[in-house]
């Protein structure tokens with residue numbers, strides 16, 4: 001039977017991945033309240049369709065940081081793609097290139113950056129950075145991604161300490177040493193995890209440090225993990241180029257707002273001075289439309305990409321993206337939106353249910 005929605009890919013991945021891998025991918029922090037609310041919050045928003053608007057032609061194209069993408073549906077940074085498929089991030093990059101969308105490559109990629117770029121040399125790629133305590137290592141990494149043609153630096157700000165992920169604790173998983181060696185194979189298989197990727201994240205990083213990163217690169221700097229107007233205002237004050245509203249898929253601090261619920265506050269705070277994106281809970285084309293109606297320039301998809309990888313590698317990711325794009329096209333058509341620019345807050349209302 002064909003897989004026709006993202007939930008189908010989730011069930012297939014759950015059935016075919018090892019328990020430790022599945023628990024790692026799906027796990028959230030503590031009681032997983034925020035992980036689950038990321039999806040449930042979308043269902044509290046209802047659409048207000050407008051008709052008789054000539055939707056014979058619907059254009060999903062938009063731009064992020066000045067680069068055109070085929071639809072406002074891109075790939076969020078997630079680590080260790082070889083857990084789901086042997087070619088890992090290389091397959092993900094190929095699918096993103098074929099779909100003409102952006103792929104944010106994680107610091108914790110399980111393929112080398114050189115191999116990822118070689119697999120999809122024409123793809124639009126950003127790099128997600130976990131800040132290392134050693135400034136020289138950060139500098140070397142930034143210089144490397146610049147030389148490889150990455151177009152933006154995405155600094156994750158919500159991991160001064162790894163969240164309390166009970167699944168990993170229950171499975172006694174030391175991600176860096178046990179899960180990777182077990183599922184990805186022995187070090188003889190190649191440069192699976194460079195030293196940088198197995199190293200700690202700097203808990204001392206603060207707003208004042210952003211100027212150092214800005215002095216190191218000409219790439220636009222995006223902050224990932226912002227949830228409040230206060231931090232959004234500080235991001236603008238410190239001259240960043242974009243914000244990804246995100247709670248790390250509910251994997252960091254539990255009982256924070258769902259990403260879609262935090263989006264309005266952040267969009268209002270930046271006053272159009274920087275682009276705002278969203279990740280967390282995107283499962284349908286309607287979800288994409290709702291996020292854009294509330295002010296997101298683009299959404300980034302996390303776990304469903306790994307489900308697609310687990311299904312058929314590059315082709316599975318392509319299927320996931322195609323489903324989301326087709327659903328989004330349907331959502332635009334049935335709400336009377338002929339272009340992304342026509343999507344606005346008049347199209348939605350919040351349900352009391």
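Note that Cβ sites are derived from N, Cα and C of the backbone, with glycine treated the same way.
Curation plays no part in TrEMBL annotations; they are all automatic predictions.
Not measured: the values here are computed from a predicted model.
Quick look at what TrEMBL lists:
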DOMAIN    1-353  domain 'FMN hydroxy acid dehydrogenase'
BINDING   77-79, 106, 128, 130, 156, 224, 246, 279-283, 302-303  FMN binding site
BINDING   165, 248, 251  glyoxylate binding site
ACT_SITE  248  active site, proton acceptor
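Feature map: annotations from TrEMBL on the structure.
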residue : record                  : Cβ contacts under 8 Å, 6 or more apart
77      : FMN binding site        : 104, 105, 106, 107, 128, 154, 156, 224, 300
165     : glyoxylate binding site : 27, 28, 29, 251
246     : FMN binding site        : 76, 158, 224, 225, 226, 227, 259, 278, 279, 280
248     : glyoxylate binding site : 156, 158, 159, 163, 225
282     : FMN binding site        : 73, 288, 291, 299, 300, 301, 304, 324
302     : FMN binding site        : 76, 78, 249, 279, 280
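One residue stands out among the binding-site residues 79, 280 for having the most other Cβ atoms within 10 Å of its Cβ: 280. In this view, residue 156 (FMN binding site) is surrounded by 22 other Cβ atoms within 10 Å of its Cβ, with every protein chain counted. Note on the domain 'FMN hydroxy acid dehydrogenase' (1-353): mean pLDDT across this stretch is 92. Around residue 128 (FMN binding site), taking its Cβ as the centre, 24 other Cβ atoms fall within 10 Å, counting all chains. In sequence order, 27, 28, 29, 35, 162, 163, 249, 250, 252 are the residues of the same chain, not among 165, 248, 251, whose CB sits within 8 A of the CB centroid for the glyoxylate site. Take 165, 248, 251, the residues named in the record as contacts for glyoxylate: the widest Cα to Cα gap among them comes to 12 Å.
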